[in-house]
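For reference, the structure discussed in these notes is given below.
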Amino acid sequence: MRRRDQRQSWTGAASGAAAHEGNTAARTPVPAPGRRGRSLAWQAPDQEWSAHVTEAPDATDEGAPATGTPVRPIIVPPSVQAAAAWSWRLIVIAAAVVAGLWVLATFKTLTIPVAVALLFTVLLAPLVRLLHVGLRFPRALASGIAVLGLIGFVAALITLAGASIVDGISDLSTKAQEGFQQALDWLAGSPFHVEQAKLDEYLGDLVTAAEENMGTLVSGALSVTTTVGQVLAGTIIALFCAFFFLLDGRRIWTWVVGLLPRHVREDVHQAGRRGIVTLASYVRTQILVAFVDAVGIGVGAAVLGLPLAFPLATLVFVGSFIPFVGAIATGAIAVAVALVVKGWVYALIMLGIVLLVQQIEGNVLQPFLMGHAVSLHPVAVLLVVTGGAMLAGIVGALFAVPVVAVLNTVIQYFHGKDKFPDLGIGDHLIFRSPRRTPRAESVDAAPRTVVVAGPTPETAAHVDALEEHAWRSAGEPDTGSRE
């Protein structure tokens, strides 16, 4: 009886505290007894949160009267709770990303060649398919011919560019000396009134500084030599990996996916196929865009009578694989050559040619060729290239856009938006997955079908026909052996 009176007294105290807050009518007290202390919890009908009134501890003797006063409720808004829940998850994700980047940077001698090999694979896959399926070449022979053809093309390009540089370097050197002397004469007769003696003094200081820092220059030359050695080793690794990706890419991918839990294999496999299609679309588009940039700027340089027109075009072709930034930087070199050789009028004309080519690329070629396969906004491309360059230099700028494009496609697929519904059937990999239903959250998502081990000849022929249709419509490369 005494405990009931005591509990009612505490209920009255809590109700008084709630009335002091101005909303006793909207709350319903619910007692929650405890040995060492009690709390009254109530819920407001028009609110989604709960408040708690904590009392002072009871006396150790049950018969002793309760002492203590209710304290002000501690309220945490739902928005703060959600922010806290998201915060630690984002911290974990950021830590995982940083750890992954650290691993990639630590083993860059291997990771960069493998990434380049993937680019070579999606580039050479159509040629391998033509030789293997169309001309009935053995797949190993078709892969070897494709890799050797790539090596021959690059070697021929370097040879022609080198020969053009040897032929035009003497003329360029003479023109550069004449342009430098004209610049000195202009400075001497300009409003700055720079005297010839001062110019000679500045040149002497420059020579002295170069002699004093000869050790630094030599170490820099040695580092360049080391870099050249690393590039050669990386090129060999990339070509080696590209050959086996073209030969046994399907088996390698099957082994990788087979390491995952059985219930996620089909999802990962389908997402990976769509990522390969996106990567292939990006590589083909960039090659065509780079070719257009090189032809436009190279022809413009040749029409203006500039030396080294072919090496400039080759440089623009290579630089255009870095979106936006690469073509502009290499085009600036062409403008500088025009300024040295022909003067500022020809330099302005060359600048206009570079800008015209860039406008055609950005407003016509990129949207038309990439389409929905890559579907990255130009602002996103610029930010991604800048961020990649800040993190990993030229390599980061080169791989930033394709990596983000592939991740965009994969993430959209996992969220129910299939950008390539023609690939929804899947191919005959040795996977078993439970029956799936179509994704209801996206109208363009393809039905999820059962992939079984050991397909019948009719099933394999049907799948091959579907893959051939997908290749023609979406451009998916076959990165592995045909079973």
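For all residues, glycine too, the Cβ spot is worked out from N, Cα and C.
Sequence annotations record features per position, and here TrEMBL assigns region 'Disordered' to 1-41, 51-70. The annotation transmembrane segment is assigned in TrEMBL to 86-104, 110-128, 140-166, 227-247, 287-310, 316-337, 344-360, 380-407.
If you look at the transmembrane segment (344-360) against the transmembrane segment (86-104), you find fewer than three C-beta pairs under 8 angstroms, all six or more positions apart, and that falls short of contact. The listed stretches are 86-104, 110-128, 316-337, 380-407; of these, 110-128 has the most Cβ pairs under 8 Å to the transmembrane segment (227-247). Non-local neighbours of the transmembrane segment (316-337) in the same chain are 172, 286, 289-291, 293-294, 297-298, 300-301, 306-308, 347, 350-351, 354, 357-358, 361-362, 378, 381-382, 385-386, 389, 394, 397-398, 401; each lies 6+ residues outside the stretch with a CB under 8 Å from one of its CB atoms.
Residues 101, 105, 108, 112, 115, 119, 275, 278-279, 282-283, 321-326, 374 of the same chain lie 6 or more positions beyond the ends of the transmembrane segment (380-407) yet place their CB under 8 Å from a CB of it.
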